[in-house]
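According to Swiss-Prot, the feature region 'Disordered' maps to 1-28. As annotated by Swiss-Prot, compositional bias 'Basic and acidic residues' applies to 19-28. Residues or ranges marked as S-adenosyl-L-methionine binding site by Swiss-Prot on the basis of sequence analysis: 235, 261, 262, 263. Marked as active site, proton acceptor by Swiss-Prot on the basis of sequence analysis: 281.
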């Protein structure tokens, strides 16, 4: 169909400014009102096209574009030649990449990465490359059945793939490796900060047990910062596959050991501090309660539990950052889990044999909070 005056330019063309009719004359609306209306439209269009931003990240990391750009200023034509991509389309991709704050155009057709863009490289300590890759993989596919989760309160992932996420992961070693790498990337900087004594005094505990500790990054940081502490990484055989190597690489292998199992049935006994970092948000209230009861049964009377999670406010207001709420739905759709408020966690702990003793949100750990509890 040939474009008409009504359709030419597509749906993103800004709507005409509202007009007011007075005494037979047409006058433009107040500039402030127009700006507000245009701002609202711009926000909605940005949200509608949010998937394009995700696709840009997906393609950039699949092409290893950030690695190719490295620390140098690069010409779009040069990058296109290296990638075997169309030079004009590559320039357009790079300009969108820059508009998202991941690069800057330093001259006509020349680009370099911003600090955020550098985190998409694979060769930097605080890389988020694997996090992007796993987020744009099987996790994304479940969103085609988002309505199932909202209608039923159950994870759409199970409906799409016929099994739950962690069972699906356990049968696919390559995907499991990507998932573990993504969690390591997301945890690395936070683990180093948490291990510092001013954030939490791990030095007062003889043995720290990291439940669901994956590749051991958190425990390695804790043991490195506190030479008098010993520790245990506990996870499934797949999850803990690289933990011993991580502890050895950090020079703490003699003080840290790895145990494998299912935290729904048992966890190592005899610890002084049990840590659950970003574990409970993977699970429903009922399954989280099962985990907490298992931990409670293993804990000596003097031991403490440290839960590390993002806490949502009891009610959302205009100052609330959307990431926590996006993560909440992400957990629902893919795992059946949820982000919780402080009130939610206190209630969950109380129902499973714990007394909350302290809740802190240290500035250096934002957006995470530390919830300490004692067995009762």
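Note: Cβ is positioned from N, Cα and C throughout, glycine not excepted.
Annotated features, which come from Swiss-Prot, shown on the structure.
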| residue | record | DSSP class |
| --- | --- | --- |
| 235 | S-adenosyl-L-methionine binding site | strand |
| 261 | S-adenosyl-L-methionine binding site | coil |
| 281 | active site, proton acceptor | helix |
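Here the CA atom of residue 281 (active site, proton acceptor) lies 16 Å from the CA atom of residue 235 (S-adenosyl-L-methionine binding site).
A Cα-Cα distance of 20 Å separates residue 261 (S-adenosyl-L-methionine binding site) from residue 281 (active site, proton acceptor). It is 15 Å from the Cα atom of residue 281 (active site, proton acceptor) to that of residue 263 (S-adenosyl-L-methionine binding site). Largest CA to CA distance in the S-adenosyl-L-methionine binding set (235, 261, 262, 263): 7 Å, whole number. The 10 Å shell around the Cβ of residue 235 (S-adenosyl-L-methionine binding site) contains 24 further Cβ atoms across the protein chains shown. The S-adenosyl-L-methionine site, placed at the center of the C-beta atoms of 235, 261, 262, 263, has further neighbours from the same chain whose C-beta lies within 8 angstroms: 211, 212, 234, 236, 239, 260, 264, 265, 266, 267. Residues near residue 262 (S-adenosyl-L-methionine binding site) in space but far in sequence (CB under 8 A, at least 6 apart, same chain), listed by position: 236.
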